[in-house]
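K.L.:
Take a look at this one; I'll ask things after.
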């Protein structure tokens, strides 16, 4: 399944070369534009199936699925549908109207939450989301990411007491594409 996912990433034109500023603030000569992939039903089904199977193999038990907006929302939604587990959406900032929530969906103390993300570089966005879940007394039982850029996310996430499970490492992706990230 990993090879199939890498093929879809490559065929979807997700790897872009040029000069980019990433969410982390880092500059990069390549960008993984996963949005074209996560708007593809076939890819979303595959990603959800992979996360479901990997989490089962690892013995990770969870009650709810969560993802930070925007990129992780389609992934979390697909996984919620695949597993029949309720969905949580972590907002980038508190709503300034209505309820002012940071989390959309029902969350209760003690909920075991599987967090998903599209791409990680330093892990800042997903760490923030995990901390918001912890503030609501939920337990983050694991973090799955579609592509890890291998630029410190795993180490930073583990320093915060969470575990990262990448479906694809960027080094494997570039090798499969037959290109260099330099």
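Every residue number used here counts from 1 along the chain in the order it is shown.
Heads up, the Cβ atoms here are built off N, Cα and C, so glycines get one too.
So Swiss-Prot says this about it:
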BINDING   91, 92, 95, 97, 117, 118, 119, 120, 121, 122, 123, 124, 125  5-phospho-alpha-D-ribose 1-diphosphate binding site
BINDING   121, 149  orotate binding site
K.L.:
Quick check for the class: what is the C-alpha distance, in angstrom and rounded, between residue 119 (5-phospho-alpha-D-ribose 1-diphosphate binding site) and residue 149 (orotate binding site)?
P.N.:
7
K.L.:
Reported as an integer number of Å, what is the Cα distance between residue 91 (5-phospho-alpha-D-ribose 1-diphosphate binding site) and residue 149 (orotate binding site)?
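P.N.:
About 23 Å separates the two Cα atoms.
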K.L.:
Could you find out if DSSP has residue 125 (5-phospho-alpha-D-ribose 1-diphosphate binding site) as helix, strand or coil?
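P.N.:
Looking at the DSSP assignment, residue 125 (5-phospho-alpha-D-ribose 1-diphosphate binding site) belongs to a helix.
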K.L.:
Are there any residues at least 6 positions away along the chain from residue 125 (5-phospho-alpha-D-ribose 1-diphosphate binding site) with a Cβ closer than 8 Å to its Cβ? List them or say none.
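P.N.:
In sequence order, the residues whose Cβ lies under 8 Å from that of residue 125 (5-phospho-alpha-D-ribose 1-diphosphate binding site) (at least 6 apart) are 23, 68, 117.
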K.L.:
Identify, in sequence order, the residues in the chain of residue 123 (5-phospho-alpha-D-ribose 1-diphosphate binding site) that are 6 or more apart from it along the sequence and have a CB within less than 8 Å of its CB; answer 'none' if there are none.
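P.N.:
Sequence-distant Cβ neighbours: 152, 153, 154, 156, 157, 164.
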K.L.:
What is the number of other Cβ atoms found within 10 Å of the Cβ of residue 119 (5-phospho-alpha-D-ribose 1-diphosphate binding site)?
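P.N.:
Other Cβ atoms found within 10 Å: 26.
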K.L.:
State the count of C-beta atoms found within 10 angstroms of the C-beta of residue 121 (5-phospho-alpha-D-ribose 1-diphosphate binding site), not counting that atom itself.
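P.N.:
Its Cβ shell of radius 10 Å holds 22 other Cβ atoms.
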K.L.:
Give me the long-range Cβ neighbours of residue 149 (orotate binding site): same chain, 6+ apart, Cβ under 8 Å, in sequence order.
P.N.:
32, 119, 120, 121, 170
K.L.:
Inside 10 Å of the Cβ of residue 91 (5-phospho-alpha-D-ribose 1-diphosphate binding site), count up the other Cβ atoms and send me the figure.
P.N.:
15
